[in-house]
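For reference, the structure discussed in these notes is given below.
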Amino acid sequence: MTTFKSMLPTVRKKIVIKLGGSTLEGLNKAFFSNFKNLQQEGYDIIITHGGGPAINRELEKQNVSSSVLNGIRVTSEKAINIVQSTLIGKVNPALVSELNEAGILAVGLNGFDGQLLQSEFLEQETYGFVGKVTRVNTELINTLCNNHIVPVIACVGAFANGQALNINGDTVASEVALAIEAESLLLVTDVTGIRIEGEYQEEATPSLIDQWIDDGYIYGGMIPKVKGAIQVLEAGVPSVQIVDDQLTGTVIVPSFSEKMARL
Ligand SMILES: Nc1ncnc2c1ncn2[C@@H]1O[C@H](COP(=O)(O)OP(=O)(O)O)[C@@H](O)[C@H]1O
Ligand SMILES: CC(=O)N[C@@H](CCC(=O)OP(=O)(O)O)C(=O)O
């Protein structure tokens, strides 16, 4: 029966969920059932993922060294080939397969597919083959979402002539959330949010986070997370969280003065 309600266009909210490499290997059916619940609550889900530990293992196996600066992997020409083949050839299909087995229709993508993540070198002299996102193909994401297909995006950027660039998974998640104007960004990792002097923080503001970075309380892989989170929050995405696999952790909130300035 056609009712007034059924004739209204359904505005589905979008949630970007980034799964860190550190959590990927331990995810189970119970975790994925959260996703089904979110879909039933009217969310379109977009998944992005990293794969740091898998990349580390593969680099070691092939005797290729790499270093990390500000949470970003300095990526040589040899390393980018390993990053690309590991993320696209191993990590992404393993996750897509788990999602499909959990009854969530998912399709694996990387930056080259439909020019999903166009990118340029971030700072070649410092970081080598590391990219920054210059354009996200939001139409492709929207088309999949409108057809109830979950895009699962590997953090490999497309540069010219088929050259891949390595982009931190948290950066990709943040750029995708910004581009599609997500309602919410969840960065799922192996810790229960931001920990300062042994205490997990339920809430954190951008100015506190800047201070914690300066004081060395936030370091390594947490840096791209908080930087992406702040950028996304300041662009107006209402909910930004850094959480563990129970979806518990830190909510990034505007500081009081930032809240007042928005009014
Ligand atoms: N203040 C902090 N609070 C919590 N974790 C932190 C903090 N500073 C640095 N970290 C580190 O960041 C790690 C999470 O980042 P990362 O290893 O890159 O995870 P992922 O693979 O999920 O992206 C934590 O395991 C922890 O070692
Ligand atoms: C440029 C850069 O740092 N790329 C990351 C990409 C993978 C990633 O981000 O993995 P996690 O989400 O597990 O940290 C890397 O090479 O490790």
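Note that Cβ sites are derived from N, Cα and C of the backbone, with glycine treated the same way.
What TrEMBL records for this protein:
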type    : residues                    : note
BINDING : Gly51, Gly52, Arg73, Asn166 : substrate binding site
DOMAIN  : 13-244                      : domain 'Aspartate/glutamate/uridylate kinase'
SITE    : Lys18                       : site 'Transition state stabilizer'
SITE    : Lys225                      : site 'Transition state stabilizer'
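If you compare Cα positions, Lys225 (site 'Transition state stabilizer') sits closest to Lys18 out of the recorded positions Lys18, Gly52, Arg73, Asn166. Taking the Cβ of Gly51 (substrate binding site) as reference, residues of its chain lying under 8 Å away and at least six apart in sequence are, in sequence order, Gly21, Leu24, Thr86, Leu87, Lys90, Val91, Ala154, Cys155, Gly169. Of all residue pairs in Gly51, Gly52, Arg73, Asn166, the annotated binders of substrate, the farthest apart have Cα atoms separated by 12 Å. For Asn166 (substrate binding site), applying a Cβ distance below 8 Å and a minimum sequence separation of six or more within one chain yields Arg73, Thr75, Ala79, Ile80, Val83, Gln84, Phe129, Val130, Gly131, Cys155, Val156, Gly157. Take the mean position of the Cβ atoms of Gly51, Gly52, Arg73, Asn166, the recorded substrate site; other residues of that chain with a Cβ within 8 Å of it are Gly21, Gly50, Ile55, Thr75, Val83, Leu87, Cys155, Asn168, Gly169. Sorted by the number of other CB atoms within 10 A, the recorded positions Lys18, Arg73, Lys225 start with Arg73, the lowest. Across the domain 'Aspartate/glutamate/uridylate kinase' (13-244), the prediction's mean pLDDT works out to 96.
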